[in-house]
Amino acid sequence: MATVRICVCGDEGTGKSSLITSLVKGVFVTNKIQPVLPQITIPPTIGTPENVTTTTVVDTSALPQERSNLAREIRKSNVILLVYSDHYSYERVALFWLPYFRSLGVNVPVVLCANKSDLAADHTEAQVIEEEMLPVMAEFKEIDSCIRTSAREHRNVNEAFFLCQKAVTHPIAPLFDSKESALKPAAVAALQRIFYLSDKDRDGYLSDKEIEDFQMRCFDKPLSKEDLVHIKETIQKTHPDSVTPFGIDCRGFIHLNKMYAEKGRHETVWIILRAFQYTDNLSLQESFLHPRFEVPPFASAELSPEGYRFFVNLFLLSDKDNDGGLNDAELASLFAPTPGLPASWADGSFPSSTVRNEAGHVTLQGWLAQWSMTTFQSPKTTLEYLAYLGFESSDRSNPSTTAALKVTRPRKKRKRPGRVGRNVVLGHVLGAPGSGKSALLDAFLARGFSHTYRPTIQPRTAVNTVELPGGKQCYLILDELGELEPAILENQAKLLDQCDVIVYTYDSSDPDSFAYIPQLRSKYPHLEELPSVFIALKADLDRTTQRAEHQPHEYTAMLNMPSPPLHVSATWSSIQEVFVHIAEAAMEPSTAFPRSEEDVEGKWMAWGIALGAVVCAGAAAVMIWRRVSGSG
């Protein structure tokens, strides 16, 4: 909502105070009025732009002794009503007033007002505009609009102040470059995005149905067939190729809005921009890009069913060649209404972080996995891109982009039996250099095995779906920490909050590989508070004895782990079972912790109870048999 502060300037005797009085009283005041009126505040009335709360009108004096007060009021205003009434005061507009405003360093719109039109009956409206106003407007681009008024006849008085309000609420300067006679780049970019979002079938044209939907969204009233025909005819006069049987193309849409701006109908352009959440500086509203969304400790953010539907539909619309994958051109087109790929995607080497087909194009599975990971790691990023990409909530009680997300239940006591209430889980893959961590991530994404060793410096992430026993699916994120491993493992609070499982890996053919794991757990004892999975990689090679205090199976037995290390090779097809095991450990964390003495005692007690029940049942059967035999 805007508060408009109008500073009324001009030479003495041009009728500034009379204009203000006529506005307030509704009629011309014949009595002598004071030279400078006190400041007045006008509440919103019928005809006031809808986003104006209050309007303050400030009268000023042009006398030299009042120059400091004049400068102060000009600097406080957000629009200037510059009044002239005769040839002399008109000449002073270009010679003194407009250069004076510039000298003060103010950057506010100016409404040029030719007052006392009742005294210039020999000049028509068109003559005044063409001979007086247009030359000045051409020289001084800060002039937003012009109007001819008469305070005595109460002619165009309200309209003059309405133009001032509109100059603040619907400024022309951010939209149109009068010197170049073209829309400014930021305005073109905003309108291109609006066209893209309104083109629901992504065929490059706004069909009649899409134009009607656009009309209702922006103006909340239907478009008549006559108006639609007129719009098309208007575009065809300049760009005949922009109107086709399929509809209006983007060039025609931009040209139509340029014409609105050129002809003083920039209010129409602003209505369109604001319907799509644009601010006065042509950026998207902060509350729209970053709505309030909080994730409690030990909880996580995931896409809701509506969020998944949106990204599925976006994928299907963008896969123009219907090959089941998004190539570079299709991805570029999809992200056209955004600043580009999310920074986290670029840092994570997208698209190599997710599932691709044989041609290297991102599959639907990979697309959804990538957004699931993004939402888990940075829900604010997902919300921002949902806004850029045009997500519209179907939930009237929550029209925000937050309808596409949900928050999982906090998981605090991981050792308590049961599944966690989430569908996206994160595992850190740890191990000595050369243990096979990168090959494990490649196998997770069904990539071919590479015999070339490349040490991981930058963190690397892979995300994919895993089907659990029973048919339920979850998204598993595996990351190799690279040089950031010490920093991530030292941050105990963040590690315990975000990580769901630790995957310890070692090269079963390298005698020095396993020793890294006990050293790591000793250095970061809080790792014991996370579910753990131990994996012996490179099982296709000859297994060797590890140069460690304890052999891997002895170490896991000493920890009372539920199972010894899993032996597997990235070259084996059975490696997919390892990812199911990791996902199960994350989804049911109690199964991946060392068994406590209570667990063992509980098992013996259960065996004892079961054995006792069997013995009692047997004794009872013998007693019954004897009674039956005795009675016989």
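Glycine residues also receive a Cβ, built from the backbone N, Cα and C atoms like all the rest.
Among the features that Swiss-Prot reports, topological domain 'Cytoplasmic' is placed at 1-603. Mean per-residue pLDDT, taken over the topological domain 'Cytoplasmic' (1-603), amounts to 90.
Annotation source Swiss-Prot lists GTP 1 binding site at 10-17, 59-63, 115-118. In this view, LEU63 (GTP 1 binding site) is surrounded by 12 other Cβ atoms within 10 Å of its Cβ, with every protein chain counted.
There are 21 other CB atoms within 10 A of the CB of TYR205 (Ca(2+) 1 binding site), with all protein chains counted. Sequence annotations record features per position, and here Swiss-Prot assigns Ca(2+) 1 binding site to ASP199, ASP201, ASP203, TYR205, GLU210.
If one looks beyond the domain 'EF-hand 2' (306-341) by at least 6 residues along the same chain, the residues whose Cβ comes under 8 Å of a Cβ in the stretch are 192-193, 196-197, 201-202, 350-351, 356-357, 359, 361-364, 367-368, 371, 375, 382, 385-386, 388-391, 393-395, 403-405. For 306-341, the entry in Swiss-Prot reads domain 'EF-hand 2'.
Per Swiss-Prot, compositional bias 'Basic residues' is recorded for 408-418. Counting residues 6+ beyond its ends, the compositional bias 'Basic residues' (408-418) has Cβ neighbours under 8 Å at 296-302, 529-531, 588-590, 593 in the same chain.
The domain 'Miro 2' annotation in Swiss-Prot covers 422-588 and is backed by sequence analysis.
According to Swiss-Prot, the transmembrane segment annotation covers 604-624.
The topological domain 'Mitochondrial intermembrane' feature in Swiss-Prot is assigned to 625-632; the stated evidence is sequence analysis.
Between the alpha carbons (Cα) of GLU210 (Ca(2+) 1 binding site) and THR60 (GTP 1 binding site) lies a span of roughly 50 Å. For LEU63 (GTP 1 binding site), the nearest neighbour among the listed binding-site residues (ASP201, ASP203, TYR205), judged by C-alpha distance, is TYR205. Most Cβ neighbours within 10 Å, among the binding-site residues ASP199, ASP201, ASP203, GLU210: ASP199 holds that distinction in the structure as shown. Cβ atoms within 8 Å of the centroid of the Cβ atoms of ASP199, ASP201, ASP203, TYR205, GLU210 (the Ca(2+) 1 site) belong to the same-chain residues LYS200, ARG202, GLY204, LEU206, SER207, PHE246, GLY247, site residues excluded. Reported as a whole number, the C-alpha separation between GLY10 (GTP 1 binding site) and TYR205 (Ca(2+) 1 binding site) equals 50 Å. The number of other CB atoms found within 10 A of the CB of GLY10 (GTP 1 binding site), across every protein chain shown, is 24.
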